[in-house]
Amino acid sequence: MGQAATHDANNYTSINYTEIYDVIEDEKDVCAVADEPNIPCSFGISLAVPEWEAICTAIILTMIIISTVVGNILVILSVFTYKPLRIVQNFFIVSLAVADLTVAILVLPLNVAYSILGQWVFGIYVCKMWLTCDIMCCTSSILNLCAIALDRYWAITDPINYAQKRTLERVLFMIGIVWILSLVISSPPLLGWNDWPEVFEPDTPCRLTSQPGFVIFSSSGSFYIPLVIMTVVYFEIYLATKKRLRDRAKATKISTISSGRNKYETKESDPNDQDSVSSDANPNEHQGGTRLVAENEKKHRTRKLTPKKKPKRRYWSKDDKSHNKLIIPILSNENSVTDIGENLENRNTSSESNSKETHEDNMIEITEAAPVKIQKRPKQNQTNAVYQFIEEKQRISLTRERRAARTLGIIMGVFVVCWLPFFVIYLVIPFCVSCCLSNKFINFITWLGYVNSALNPLIYTIFNMDFRRAFKKLLFIKC
């Protein structure tokens, strides 16, 4: 009885160990499928893939590296050499191009060798620095996209105030924050937050740490938080642009109705005429605006678009050779005309001595981007031409805003397509022990993320006329 019991117990124990052993072996077999064998080639080195595949892979990846380097260098040179692009907000694009350029120079070449050879032959210290640069440069590229989205959001939703706040110091400060955050996110593995082996053999894989805490920390800071910010910001940009379209349509409708009720005219200058048209003595000075007089039977309607400074003005006389032209110096903020205030006042113009003071009060100031000359026409036609000109400039301004928002949306869409697969796998692997993916698949989603650094300059070239012209100029291509 006791012997039978012992036999049954031994049997039970034996069966249990056998089952556990079989499960372990099965898991090893499953993961072993993911490991690519080293294949000898005619060059005398071992490859992770067949020779023809290694050659094709090397050619394709080298082309990606070259296009990334050339494209981002062109972006940087364009901003510094092409005058229309030499504006403060484009320093964000320069920072993005620098991040993408460092990815192409410091990260991609070693990854090409690692992908083809199937083993890391550069030592443990190069491995650690390479992985750190990989995280830092890719994070910087993503955070720069986030900064560009925020900059565009503030420029569209609060153009007047943000135009004053958007100084070189502020932009450089934001860029500095981007790079500091990238360094903070990428450096913890160097300080001990890793699961790297202490002894690094030739066949030891050089991989990102799979420490769960760091994976959550780095993936959140590098991708998921910026993704949420960019999604919210882009949605707000869409709503703001849509609202401005509706407001612009309403304003156009109101101005059309009011133009039928009130009679606006521009008069030739006359020394004795109180309602003369004033302009800058020098048409190259863009700080002020021409003033038009609004006449009504009972009272003058005054509507001001105030500039920062009042330039020196002169009143034209009949002997002035230029009195047949209406010169409108234009000063624009964000390429649009903004109503700052509206005031209705009744003015008595009883004497000629105070006619200039009255003229200063009962005027409409119009500001825009460049000096424009309008030939003398009949009074009503002149007024219609001025308002048509303003409406056209407003329409062009809004078109530019929509185009910039669309470009930002395309950049964000490409960013999500390129990086989302990698960060999903990166976040899942530490928590899924039985998930064994092939090296080819890992290399594919990794390089899909790297391709984002090559696509950003192409997006600028396709959707931005100024960058397109700058690229042609740098490449000596006649427009």
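Keep in mind that glycine also has a Cβ here, set from the backbone N, Cα and C atoms.
Not measured: the values here are computed from a predicted model.
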Inset, instruction - Kindly tell me whether the record in Swiss-Prot places Lys83 on the same side of the membrane as Ser434. - result: no
Inset, instruction - Report which of Asn11, Asn381 appears in Swiss-Prot with the annotation N-linked glycosylation site. - result: Asn11
Legend entry - Segment-segment contact (the transmembrane segment (91-112); the transmembrane segment (408-429)) at 3 or more Cβ pairs under 8 Å: no
Legend entry - Cβ contacts the transmembrane segment (58-80)/the transmembrane segment (408-429), at least three under 8 Å, sequence gap 6 or more: no
Legend entry - Beyond the flanks of the transmembrane segment (442-462) by at least 6 residues, Cβ under 8 Å: 61, 64, 67-68, 71-72, 74-75, 93, 96-97, 99-101, 103-104, 107-108, 111, 115, 138, 141, 407, 410-411, 414-415, 418-419, 421-422, 425, 468, 471
Legend entry - Contact between the transmembrane segment (408-429) and the transmembrane segment (171-193) (at least 3 Cβ pairs under 8 Å, separation 6+): no
Legend entry - Positions on the same chain near the transmembrane segment (130-150), where near means CB under 8 A and six or more residues out: 92-93, 95-96, 99-100, 102-103, 106-107, 110, 122, 174-175, 178-179, 181-183, 185-187, 189-190, 206-209, 218, 221-223, 226, 229-230, 233-234, 237, 408, 411-412, 415, 419, 449-450, 452-453, 456
